[in-house]
């Protein structure tokens, strides 16, 4: 009986931890919405990031509460960049142009799992 209690307790604790982790991560829909105005510059169609791009990314940066959030944002951006034709030579310039510190290299080649 004692073993069953501890097994159930462990399982519930584990599930609660998973729920907290998944709630903490920034959803891709939010990332896509906030970064949408940056696509023109990131694909080379616009000569500089728009003010809407910078505002969206600043708002996105304010949602970051943890390393898991940074990793989630990185994964979302990488996934979107493949389908949108994002070019690294433009993408990497966005943080400086928008005066945003992201804490990791902005590139389609970034290994999101190494972000800390």
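Yeah, the Cβs are placed from backbone N, Cα and C, and that goes for glycine too.
For 1-24, the entry in Swiss-Prot reads signal peptide.
According to its DSSP assignment, residue 76 (disulfide bond) is helical. The annotation disulfide bond is assigned in Swiss-Prot to 28-76 (among others) on the grounds of similarity to another entry.
The secondary structure of residue 53 (disulfide bond), as reduced to three states from DSSP, is helical. Cβ neighbour count for residue 53 (disulfide bond): 23 (other Cβ atoms within 10 Å of its Cβ, all protein chains included). Annotation comment: Swiss-Prot describes 38-53 (among others) as disulfide bond, evidence class similarity to another entry.
Feature annotation from Swiss-Prot assigns disulfide bond to 54-98 (among others). Within 10 Å of the C-beta of residue 54 (disulfide bond) we count 20 further C-beta atoms, all protein chains included.
The disulfide bond annotation in Swiss-Prot covers 74-112 (among others) and rests on similarity to another entry. Sequence-distant neighbours of residue 74 (disulfide bond): residues of the same chain at least 6 apart with a C-beta under 8 Å from its C-beta are 104, 110, 112, 115.
The disulfide-bonded residues considered are 28, 76; of these, 28 has the fewest other C-beta atoms within 10 angstroms of its C-beta. Neighbour counts of Cβ atoms within 10 Å were taken for the disulfide-bonded residues 38, 98, 112; the minimum is at 112. In this structure, the CA atom of residue 28 (disulfide bond) is 18 Å away from the CA atom of residue 54 (disulfide bond). The two recorded residues, residue 54 (disulfide bond) and residue 76 (disulfide bond), have Cα atoms 18 Å apart.
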